[in-house]
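All remarks here apply to the structure that follows.
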């Protein structure tokens, strides 16, 4: 997805430090950032925020973190948080490679990866969010019962991710090869998921855990 540059977005985000972390000011202090101490769930690459804001509204007993590096998109998540009055959702504007700078070991209960960039060229494999270096970060910050939820329309990325996770020592608790045909009604659509689904694209989904989180 090509993101149109918004020169004003950085200043707009900086005007809301209570909701947006742009400079690592809350690194290592995620729990203290929220009004209540509750389980923490993260979505990495939140896009415009439809998925994460819907989750936060439905589950006030869980604290959510939206992690998105594109400032020109993050402002849309911020607008939704403000409009919906969500107190259990915060935003980190940074790259996922910095995860362990923000979260303590075992601090997170769930990670969502929705429609991540597939980086189809082999030479770019290390940029995929299911590459082993990212899996190592997830393992570090997830608690013993924590899990990873992954969703994509890209069959190649899904196959790669299944293999990458298996080789890393993860196991799968759920695999859907055609999510919308098998959906039990609990699925929350992202903006892109609706677009892909309307075009007839198949949606793939999995839930996975580490055999040993530490």
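Positions of Cβ are set from backbone N, Cα and C atoms, glycine also.
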Do you know which of 23, 95, 144 Swiss-Prot groups with 43, 68, 117 in the S-adenosyl-L-methionine site?
95
Over all shown protein chains, what is the count of other CB atoms within 10 A of the CB belonging to residue 190 (substrate binding site)?
24
Cα distance (Å, whole number) from residue 121 (substrate binding site) to residue 68 (S-adenosyl-L-methionine binding site):
22
For residue 43 (S-adenosyl-L-methionine binding site) and residue 153 (substrate binding site), the CA-to-CA distance in whole Å is 17
